[in-house]
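What follows is one structure encoded as structure tokens, with my remarks underneath.
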Amino acid sequence: MQHVNHSSFDKASKAGFIIALGIVYGDIGTSPLYTMQSLVENQGGISSVTESFILGSISLIIWTLTLITTIKYVLVALKADNHHEGGIFSLYTLVRKMTPWLIVPAVIGGATLLSDGALTPAVTVTSAVEGLKVVPSLQHIFQNQSNVIFATLFILLLLFAIQRFGTGVIGKLFGPIMFIWFAFLGISGLLNSFAHPEVFKAINPYYGLKLLFSPENHKGIFILGSIFLATTGAEALYSDLGHVGRGNIHVSWPFVKVAIILSYCGQGAWILANKNAGNELNPFFASIPSQFTMHVVILATLAAIIASQALISGSFTLVSEAMRLKIFPQFRSTYPGDNIGQTYIPVINWFLFAITTSIVLLFKTSAHMEAAYGLAITITMLMTTILLSFFLIQKGVKRGLVLLMMIFFGILEGIFFLASAVKFMHGGYVVVIIAVAIIFIMTIWYKGSKIVSRYVKLLDLKDYIGQLDKLRHDHRYPIYHTNVVYLTNRMEEDMIDKSIMYSILDKRPKKAQVYWFVNIKVTDEPYTAEYKVDMMGTDFIVKVELYLGFKMRQTVSRYLRTIVEELLESGRLPKQGKTYSVRPDSNVGDFRFIVLDERFSSSQNLKPGERFVMLMKSSIKHWTATPIRWFGLQFSEVTTEVVPLIFTANRGLPIKEKSELTTTGD
């Protein structure tokens, strides 16, 4: 995914319009595949629905799309951009300084959004493949659901397997394909609507409210659990803000919304005209003339794949942001594309694949998957509402208006949550379990970092300048390396981690010409790349603070190369003679990076709760990327030293010397 140019963020263009269709609307754009089917099946089948039920259902869909997607997300949430980036973690970075507890809705919302990303590919791809059941020449094959499952799993395997290569050139086709998809939704829906044009009366919210309290509605208020399926992609719309820009979303959303609504109207009209059709039919595919069914199934499958791709890429972006905000374990990441917007995280990719395929095998049909779908995303939306309210207060919006907005959307989304909660026993428990597991991991990681920062001992580097200078000139010790670089998570002004000085002075004195201490600070701005240097009045100590945006790669060696060149040019760093080099003009000596692998010792004197957190974090750490990979040091000279996380001074255990005198009997 290419990141939008900042100068055109609020502008719209033809190219941006098409790109937005391929990136932003995959989830919400494939909802017509299964939303009406879910409504009809919960009512008892096509033969059980009435005109008032169809009008009420479409009305509820229209006004759900209007209130949640259009008003909350397109008109309000898109204003909450963090340097042109959207999504729940970008929103959190905007408001996190207002009060510490806002980490709670951020973690819950991020976890539920990630769990939703595992279910969406299963639902959309299965729904599309099930369309083959209405293709006359293939009915004898795909009436057997096992063949549908096999085809779905094959498509999902290919989809997840190609993630490591990036979307590349194929990604450029997503926009045009989705344009064709939405054009088809609108045109086919409009043509089908001519059979019963009264479906357009559904724009009146009266019909939706009437259905909620009508005895004709077999599900009562819980019908909203199916209605909500129409707007599950609204959160993804906000998350993809940085890839396409606000202007392109504002222009493309009306086109998408009209196309989707026409599709629902067309399906509703077809149902009213075909009350005697089989109850097992999906209204979306059944409403298509048989001679075009195969073409539509292919188009729907492509749209489902694109929607799934957008969710998978969005999951990588979500986790990547969480890792840089230090609220998620640092898993190994690669960048298959030519731009920073494309990230691939192998652990997350195959985790999503395992969950997605398990869901397909567990639920077997899209109808059963729909029963579990939507519960997690209602929680995400509620968490976004909380964070959004604080953002509006921060921007100076009157607290009374913010309170009204929070109450309105809180009640609305709360009702959708309660309506979806009934899905818990019908499969919703799966996504809840996934979300709870992710929340547990994020909480352990975050709390563990807080415990370490609270207990770990820091030393004042100024107190050791003399020792370091003396070591540089001590002829009793051989030169360890010309430049020794320590990467540290903790450096506050002149205070550095005690374990670093222990490594230099106590383990085996490391004699060097220059000692570098590098600390990375992740900024709230996504694409910051700045640094600050303090040499503490010497020419042999260099403290470097790298300020990197939460979307930037933390490839320290490449940044350090630039910093060294600039320090040499300015004369702040003395030239370092180099006798042997393929570059005769090189003025820089060799570098050795020291990575301290901090290990938690169970002998540390911690409270039981803190001990549990640290033990869990140590277990999770076995699955994370090594610092060498995380900081891009694979091709540098690196030494990894195992050091204890020193919370308190470890006293020796009591022991007595055994006396050699022994008492013998007579």
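Placed from the backbone N, Cα and C atoms, the Cβ positions cover glycine too.
From the options 99-119, 498-518, the stretch Swiss-Prot describes as transmembrane segment is 99-119. Same-chain residues lying 6 or more positions outside the transmembrane segment (292-312) and placing a CB less than 8 Å from one of its CB atoms are 22-24, 26-27, 29-30, 33, 116-117, 120-121, 124-125, 127-129, 131-132, 134-138, 155-156, 159-160, 163, 167, 174, 177-178, 180-181, 184, 233, 236, 240, 284-285, 349, 352.
Below 8 A, the CB atoms of the transmembrane segment (58-78) and the transmembrane segment (424-444) form no more than two pairs separated by six or more positions in the chain, fewer than 3 in all. Of the candidate ranges 16-36, 343-363, 373-393, 402-422, 16-36 contributes the most Cβ pairs within a distance under 8 Å of the transmembrane segment (253-273). For the transmembrane segment (402-422), the list of distant contacts is 67-68, 72, 76, 221-225, 227-228, 374-375, 378-379, 381-382, 385-386, 389, 392-393, 428: same-chain residues at least six beyond its ends, Cβ to Cβ under 8 Å. Pairs of Cβ atoms less than 8 Å apart link the transmembrane segment (16-36) most often to 167-187, out of 99-119, 141-161, 167-187, 343-363, 373-393. Counted as Cβ pairs under 8 Å, contacts with the transmembrane segment (373-393) are highest for 99-119 among 99-119, 141-161, 167-187, 221-241, 343-363.
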